[in-house]
Structure formats: structure tokens, C-alpha cells
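Trainee: Not my notes, these are from TrEMBL:
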{"type": "BINDING", "residues": "G10, C11, G12, G13, V14, G15", "note": "NADP(+) binding site"}
{"type": "BINDING", "residues": "K140", "note": "NADPH binding site"}
{"type": "DOMAIN", "residues": "171-369", "note": "domain 'Homoserine dehydrogenase catalytic'"}
{"type": "BINDING", "residues": "E224", "note": "L-homoserine binding site"}
{"type": "ACT_SITE", "residues": "K239", "note": "active site, proton donor"}
Amino acid sequence: MKKIPLLLLGCGGVGRQLLQHIVSCRSLHAQQGIKLRVIGVCDSKSLVAASDVSVSELDDRFLLEACRIKSAGSSLSTLRSFGECQIYGHSELPQRVIEIASLLGKATGLALVDCSATMDTIDLLTRAIDLGCCIVLANKKPLTSLMEHYDKLVSQPRHIRHESTVGAGLPVIASLNRILSSGDPIRCIIGSLSGTLGYVMSELEDGKPLSEIVKAAKSLGYTEPDPRDDLGGMDVARKALILARLLGSRIVMDSIKVESLYPEEMSPSKMSIDEFMSTGLPLLDKYINDRVQKASLHGNVLRYVCVLEGSRCEVGIQELPKNSALGRLKGSDNVLEIYSRCYSQQPLVIQGAGAGNDTTAAGVLADILDIQDLFN
Ligand SMILES: NC(=O)C1=CN([C@@H]2O[C@H](COP(=O)(O)OP(=O)(O)OC[C@H]3O[C@@H](n4cnc5c(N)ncnc54)[C@H](OP(=O)(O)O)[C@@H]3O)[C@@H](O)[C@H]2O)C=CC1
Ligand SMILES: N[C@@H](CC=O)C(=O)O
């Protein structure tokens with residue numbers, strides 16, 4: 001049986017769903033001769049790890065209890081009394097993760113899986129790469145920071161998978177890599193890459209207020225922890241930057257033109273998330289509704305579009321015909337049109353659910369299995 005030890009950073013909506021997928025796929029993986037050994041799980045405050053990570057793992061009962069207590073809003077540290085494990089506090093967490101990575105990286109291999117939504121994991125991830133570990137990311141932030149971090153993270157292409165960073169579970173990165181590796185130059189990518197904004201735009205067409213739609217998107221697990229990351233275009237800009245860098249552009253976030261749906265005075269430095277949701281958002285209802293009505297007078301709809309073409313990289317609202325590929329999108333679906341030499345007149349089109357914990361975690365799980373040949 002091939003054993004893949006993994007350590008999960010982040011036990012929020014996506015991280016918990018990943019643990020649940022792992023547990024529910026046990027017999028399928030056993031048939032494939034694979035066992036995923038979850039040797040540790042972190043949240044922002046603690047790391048809970050197996051008592052001897054070389055030989056033991058957190059069992060399924062423990063993992064499901066971890067999901068339960070995190071869903072209930074408690075910290076992982078409350079698992080102390082539940083089963084045999086070691087618990088480390090915030091200050092010891094990075095050092096202990098590195099110790100585990102050095103112990104397992106070269107010996108058995110270790111997959112460090114980042115389902116957090118923070119920049120703070122970059123140092124751990126880059127060091128883990130040096131220690132021979134693999135990294136699997138749903139978190140876009142490490143790949144959209146400095147160019148030097150990006151270069152380090154992708155320095156060993158077999159050791160990194162990040163399919164869920166763009167299009168959640170859709171096979172976007174894998175498809176682009178296949179096109180690129182066949183020497184087919186990609187000329188242009190146009191897409192709707194935000195499940196939240198796709199859902200928002202299509203629900204607005206039914207006359208619902210923006211503030212209600214965003215609340216629903218948050219409860220459906222489509223939004224980032226702070227929905228302003230979606231509404232301000234930053235989440236789409238991160239995806240655009242990941243795609244641009246994959247295509248070989250050495251650009252930084254500041255090179256991307258980003259249109260925000262909310263004004264500066266509602267930014268995170270001026271308002272808490274709760275304040276934004278309860279007080280800020282309703283103030284935007286009329287403005288957005290007017291824009292939707294104006295577009296509809298021309299037979300058009302609004303879509304939040306990402307365009308990558310040559311050195312052009314921009315994300316923002318466009319008025320598009322209702323019956324265009326992007327105009328027809330409904331709900332949280334993403335669509336990407338890829339133009340290359342082989343796909344010159346008719347683009348390669350990738351479309352489907354582009355957000356949600358289930359599909360995102362499924363994408364992460366598929367990434368982990370995709371690197372199985374690096375483990376014994
Ligand atoms: N939802 C979706 O549709 C998609 C999400 N993604 C990405 O998946 C990631 C996770 O999203 P989601 O689950 O919704 O986010 P959540 O906010 O629900 O969860 C984030 C988790 O990360 C933990 N965390 C915070 N800081 C650290 C740290 N320094 N080290 C380890 N863990 C940390 C948090 O801890 P605590 O619980 O203590 O707060 C929390 O458990 C995001 O990066 C998102 O962009 C990607 C594609 C689609
Ligand atoms: N918040 C994101 C989640 C996936 O990346 C989105 O809405 O697309």
C-alpha cells in the first residue's frame with residue numbers, strides 16, 4: 001500500500017470538506033492501493049499532530065471530530081481530551097511544521113496542503129520545498145506574492161499542484177499545462193473566474209438586492225472569508241496573476257487593472273467584515289441595480305470578466321450580450337475561453353462550478369492523488 005503523509009494548513013470550509021472527502025474515499029483509495037495519512041492539521045491558532053508522525057496518523061474518528069468542533073467555532077486545541085495527539089500553540093506552530101517537514105520530506109515524502117486564506121504560509125511552503133516536500137494549494141496568496149516566492153514554489157514542478165487556485169475543481173491549470181507543454185502558444189484567455197461574482201451577476205438579473213445575494217453567496221461557501229476580496233476584484237486578480245505567471249509573464253499584482261464593486265471608504269482598514277455586510281453592502285444595492293437595469297435596456301447583462309492577452313491583464317465589469325458564452329453563465333459557474341495556435345478560431349472552453357467547498361476540496365484531493373508517484 002502506497003502511503004501519502006499529509007499535513008493540512010487551514011481547517012475552514014475547504015479544509016474540513018477535504019478531510020471529509022478523505023475519510024469517505026477510504027475504500028476507493030484502498031482499491032487503488034493508496035492510503036492518505038493525515039499526520040497533522042493546523043488552524044490559525046494551533047497544530048494538532050499525530051503522536052509519532054513517522055508511524056502514526058490522526059485516525060478518521062479524530063478527523064471527523066476535528067471537523068465537528070471547527071464547524072462549531074471552537075479551536076483545534078480543544079481536541080486535547082479527544083484522542084492521542086500532540087497539540088502545539090501558535091508560537092510553536094511554524095517551527096514544529098518545519099521539524100515534521102524535515103523529518104518526513106526526504107524519508108517518506110510529505111504533502112503540505114494549504115487550505116488557509118493567508119499570506120503567512122509562504123515561508124513554511126518555500127522551506128518545505130527545500131526539504132523535499134510536495135505542496136498542494138487551494139490558497140492563492142502564496143502564488144501571487146513576490147516573484148521570488150513564486151519562483152521558489154514552482155522550482156520543482158512535480159512537487160507543486162494548485163488546480164483549485166483557479167476555477168475551484170475545474171481542470172484549468174492542468175489543461176493550460178498540457179497546451180503549453182505541447183508547444184502551442186496561448187494567445188489569449190477570457191473568462192469569468194469568480195464563482196461569487198458569477199452568482200452575484202446572474203442573481204441580480206432576477207431583481208434581487210446585492211446585499212441579500214452576497215449574504216447567500218457567503219453561506220453557500222462561494223465567497224472568500226472576507227467577501228470584499230471577491231467584490232473588490234482581488235480574488236479574480238489573483239487568479240489572473242496565477243494564469244499570467246503560468247503563461248510566463250513575470251508580472252506583479254500592481255500590473256493588473258482591477259475594478260472594484262465597493263468604494264474605498266468600505267475597505268477592510270475602515271470597516272469590519274460584519275459592518276460591511278450589515279451596513280456597507282445595502283448602500284450599494286441601488287447603484288448596482290441601476291447598472292444592471294441600464295445594461296438590460298441594451299439587451300445586455302453584466303459579467304465580471306478577466307482578460308489576458310499579451311501584456312494586457314485586467315479584470316472588471318463588462319456589459320455583454322445575454323446570449324454570449326459569458327452572458328449565458330448562471331450561478332457560481334466559471335467559464336474560460338482559451339485561444340492558442342491550435343484553438344485559434346474556436347477557443348477551448350472550460351466551464352462548470354467555479355466555487356464551493358465541495359468542488360474545491362475535490363480539486364485539492366485530486367491534486368494530492370496526482371503526485372502519488374512521488375511517495376513510496
Ligand atoms: N470556497 C471556495 O469556493 C474556494 C476557496 N479557495 C481557497 O481556499 C482557501 C480556504 O478557503 P475557506 O476554507 O473558505 O477559508 P476559511 O476562512 O473558512 O478557512 C481558512 C482556515 O485557515 C486557517 N488559518 C488562518 N491562518 C492560518 C495559518 N497561518 N496557518 C494555518 N491555518 C491558518 C483558519 O484558521 P481559524 O479556523 O483558526 O480561523 C481557517 O481554519 C482560501 O485560500 C480560498 O481562496 C479556492 C478555490 C475555491
Ligand atoms: N471566492 C472564490 C472562490 C474560489 O476561488 C470565488 O468566488 O470564485
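Here the Cβ of each residue, glycine as well, is placed from N, Cα and C on the backbone.
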Trainee: Hey, does DSSP put the residue listed as 'active site, proton donor' in a helix, a strand, or just coil?
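Mentor: Going by the DSSP assignment, the residue listed as 'active site, proton donor' falls within a helical segment, counted as helix.
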Trainee: Between C-alpha atoms, which of these recorded positions comes nearest to G13 (NADP(+) binding site): K140, E224, K239?
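Mentor: Minimum Cα distance from G13 (NADP(+) binding site) across K140, E224, K239 lands on E224.
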Trainee: About how far apart, in whole Å, are the alpha carbons (Cα) of G12 (NADP(+) binding site) and the residue listed as 'L-homoserine binding site'?
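Mentor: Distance between the two Cα atoms comes out at 11 Å.
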Trainee: Taking the Cβ of E224 (L-homoserine binding site) as centre, how many other Cβ atoms lie within 10 Å?
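Mentor: Counting Cβ neighbours of E224 (L-homoserine binding site) within 10 Å gives 19.
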Trainee: May I ask which of the binding-site residues G12, G13, K140, E224 have a CB within less than 6 Å of any atom of ligand 2, listed in sequence order?
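Mentor: Near ligand 2, sequence order: E224.
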Trainee: List the same-chain residues at least 6 positions away in sequence whose Cβ sits under 8 Å from the Cβ of V14 (NADP(+) binding site), in sequence order, or say none.
Mentor: C115, A138, S164, N357, T360, A361, V364
Trainee: May I ask for the distance between G15 (NADP(+) binding site) and the residue listed as 'L-homoserine binding site', taken between their Cα atoms and rounded to an integer number of Å?
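Mentor: Rounded to the nearest whole number, the Cα-Cα distance is 13 Å.
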